[in-house]
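Record features (TrEMBL):
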type	residues	note
DOMAIN	A:39-112	domain 'Phosphoribosyl-AMP cyclohydrolase'
BINDING	A:Asp86, A:Asp88, A:Asp90	Mg(2+) binding site
BINDING	A:Cys87, A:Cys103, A:Cys110	Zn(2+) binding site
2 protein chains.
Amino acid sequence: MTEVSTAERELGTAFLPRFDANGLLIAIAVDSESREILMVAYMDAEALQKTRETGLAHFHSRSRGKLWLKGETSGHFLRVEEIRVDCDQDALELLVKPEGPACHTGARSCFYRRLDGDTLRKFIP
Amino acid sequence: MTEVSTAERELGTAFLPRFDANGLLIAIAVDSESREILMVAYMDAEALQKTRETGLAHFHSRSRGKLWLKGETSGHFLRVEEIRVDCDQDALELLVKPEGPACHTGARSCFYRRLDGDTLRKFIP
């Protein structure tokens with residue numbers, strides 16, 4: 001593996017995704033219209049490749065230890081319209097068009113509660 | 001440690017942050033006005049506690065292995081106005097008022113490049 005300089009990674013035009021010790025990076029899915037954060041998950045190299053090939057968000061399920069096409073059972077796919085990369089290339093922002101609620105609970109976003117003192121309050125039905 | 005049921009964690013009103021095997025959870029800082037994602041980092045229990053106590057975003061630096069008050073050297077603090085929690089409580093969304101550029105490169109957000117084919121294009125100066 002070629003050594004990549006910090007400057008190259010942060011200021012360059014080459015996509016050099018930086019996977020952590022477990023081979024993962026963070027992927028944040030954001031609704032391309034409302035700009036609401038829908039969900040956060042991890043991608044390994046395979047999930048990233050499949051996402052880029054198909055235009056559908058794929059993640060790596062840590063609990064199941066395998067590739068996970070978001071929507072494979074629910075039909076609630078996330079169509080990826082744009083991929084943004086952070087400074088050190090260990091996190092991606094996916095601008096997506098969701099085909100249904102992004103959360104397995106049925107909420108449109110996984111972030112449906114906010115902290116109010118020590119209590120969580122639901123603000124998305 | 002008391003066992004917490006999935007239903008309790010996902011549907012309840014109790015804040016039961018779920019730290020991973022390394023004692024960390026994901027924290028995404030979002031500009032409370034523009035709703036732009038500014039940065040992503042990790043928090044351990046200490047960083048979360050300090051953030052809630054002070055109203056300033058604290059993270060856990062994995063590279064330095066210690067508590068990191070965002071802005072401690074730059075003065076570019078993130079004032080936390082709201083904390084949102086995802087379904088399984090292993091990720092937080094911080095709505096913040098940034099006191100300067102969030103990225104150490106000087107960009108207002110760490111997500112200043114997007115993928116265009118295999119090339120990264122800068123869209124935030």
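From the backbone N, Cα and C atoms, a Cβ is placed for every residue, glycine too.
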What does DSSP give as the helix, strand and coil breakdown of the domain 'Phosphoribosyl-AMP cyclohydrolase' (A:39-112)?
-> 10 helix, 30 strand, 34 coil
Counting every protein chain present, what is the number of Cβ atoms, excluding its own, within 10 Å of the Cβ of A:Cys87 (Zn(2+) binding site)?
-> 21
Cβ neighbour count within 10 Å of A:Asp86 (Mg(2+) binding site) | 25
Integer Cα-Cα distance in angstrom, A:Asp86 (Mg(2+) binding site) to A:Cys110 (Zn(2+) binding site) = 22
A:Cys110 (Zn(2+) binding site) CB neighbourhood, other CB atoms within 10 A = 26
Measure the Cβ-based neighbour count of A:Cys103 (Zn(2+) binding site), defined as the other Cβ atoms within 10 Å of its Cβ.
-> 20
Taking the Cβ of A:Asp88 (Mg(2+) binding site) as the centre, how many other Cβ atoms fall within a 10 Å radius?
-> 16
